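Visitor: Quick one: the structure is below, and I'll ask about it shortly.
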Amino acid sequence: MATDFFARQERARQQSRILFVGMALAVLTITFLVYLVAAFMFSESGSDGTPAPFQDSSLNGGDWLWNPSLFVTTTVLTLGIIGLSSLIKIAMLGSGGESVALALGGRPIPPGSRVPDERRLLNVVEEMALASGVPVPKVFILEEEPGINAFAAGYSPDDAAVAVTRGLLDVLDRDELQGVIAHEFSHILNGDMRINIRLIGVVAGILLLAQIGEILIRTGFYSSAGSRRDGKNSNSAAGLALFGLALVIIGSVGVLFGNLIKAAISRQREFLADASAVQFTRNPHGIAGALKKIGAISQGSIIVAPNASEASHMFFSDGIARIFSLFATHPPLEDRIRAIDPTWDGQFPKTITRRRITEPDPPSRRGARTGPLPLPIPMPSPGGRRPGGRSIPGATLGLAAEEDTATPPPVPRFNRNRFMDTVGRLPSNFAELGEILRSAFSDALLEAASDPFSARAVIYALMMSNDPEVRARQEELIAKRAETGLLVELQRIEAEIRQMPRALWLPLVELTHPALMSMTRRQYEPFRQTIRELTEADNAVSLFEYLINRLIIRGLDRHFGLDRGSRQPRPDSSEIREAAVLLLASLANAGASSPQQARQAFQDGLKRLGITTPIDLPPRDQTGLDQIHAALKVLERIPPELKPTLLEACVAAINSDQRVTIDEAELLRAVAAVLDCPAPPLWADHEAV
């Protein structure tokens, strides 16, 4: 159903609220217990510093129970320690999934790796990302882990990372690998990753309390020993050690309850992710086979990294050996297998072969397709035109007749209902679709997109103008700012790009994501500035240039710490209405072939929003990219429950004439991305795949 994605997002928000309430109660309980211990230990200290437990009068009348100043002190200190350490831990993971993978001993796999087993993994990840419309995540391998496991981590699809163990690569076949990665992609698309990182942060804050207790125990022990040697009263030191012991107990119990909450949330999500993987791959034997092999090998899915327990809820299968199932972050292996394969006889495979893959992925999976694509993707016209899309003078979406009289090609067989069904999920035909998308690119383009140096040339090539004067200015800019040899690389790549269907430009940009993320900040800053100057070189902004700045640069800015994202208040209803109307007007004017058609598209969009009051369609020169950008800045902050209706209204507007151009399709994908509703290519529902 079209609401599946939004229902899953709402479930993720509910789990976040449960997590917040549960952890808040745990922290408040811990704070109160710390106060009680402090009051009991120190409130009745004598003039010689002897703590309350060592005084005969310490418990008389219960006077120790309430001490306002001590209560305030212990509350501030306890909440400060837990809160600050949690924030520090979350900040340490601020770079997203990459920081989690590195903390667990992960090694980044170069996007252009030609090692057979690494290449197979990268191919599967790229195919899924292309089919689901999310940036291709960075991929890591945990080389020292013989068990079969994997995880996805990050705050959002923009900074996601996927990691697998060496055991997984050595044991699973391609179908099983595909099932595991589909499981992890469901976590990326369902919004589970942000919850996972918050869980790590809060539990780390509580754990610090126990660690402080250990320090106090050691301090008290050594102080007590020193006092006895000097013939002094050692009661104060003993009291300090006892207080430390109490903190260890309280902190450990707090971590225990934190793990209970973590396990309860995680177990339910794993069943849903398994079901999603089966639905996505249409092959239950893939993920079921992976789970059966976990049960068959002695290492199972255990992660041996020292800090594996922090991330235990992120793994594909339980990475920590558990004595009590109550604390298990995953359902029992047998239950997961039977949910996927009800006919399973309960027997695991007798023998499992570990081997390093030496043969490459089959040619059909390596971008080596030589025949026509099995999708009706329109090819560029023989005369060619600016790869950046339609030029938009004055940042106005639309073309003057003298600039380009050609009608942009329509998206093949666009189905509005199927589009909404695929928002935030992998299409049911993703395996074939991802393979077809990847195989549509030449080997030269795939290689270029996976190299940090050449990936920049790919982006520049997509922005080069056909106008000789503008192009000369652009080449001068690149020669001035870019590294030596990049302009030559651009010219080589551009020849490949001009033979490529227009519908594949945005997927090509998405393929460059891991390589661009591999740049250093020193490399990124001139790249970012060059993108801006190339956009401004012709005093016009193309739709494709806008998409690059909105979808790619924004994510890279966050990755390199140039945009941490400011928390702004949610817009009120009048601001939302005004922005939504402006966005629909821009979409209506963008794809209409006549003023009458534009008005009809505008009204169709308003009707889907539930706006029945007559509103005049603003003129075309007032609904350009500047206006779209302003509208999206407001709409990206709307409440989640309004997003499906807004997205459906946008679909109604662009599909009013039953014909959706590539430009409209890409603009719709941009709107969906800004709303955090990733969408696959609009022709992804093609039944011929």
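Just so you know, glycine gets a Cβ as well, placed from its N, Cα and C.
TrEMBL does not curate its annotations; it predicts them automatically.
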Visitor: So which range, 64-84, 148-168, 442-462, gets flagged transmembrane segment in TrEMBL?
Guide: 64-84
Visitor: What same-chain residues lie close to the transmembrane segment (18-42): Cβ under 8 Å, and 6 or more beyond its ends?
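Guide: 51-53, 64-67, 70-71, 74-75, 78-79, 82, 195, 198-199, 202, 206, 209, 239, 242-243, 246-247, 250-251, 253-254, 257-258, 261, 265.
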Visitor: Would you report the average pLDDT that the model assigns to the domain 'Peptidase M48' (118-341)?
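Guide: Mean pLDDT across the domain 'Peptidase M48' (118-341) comes out at 83.
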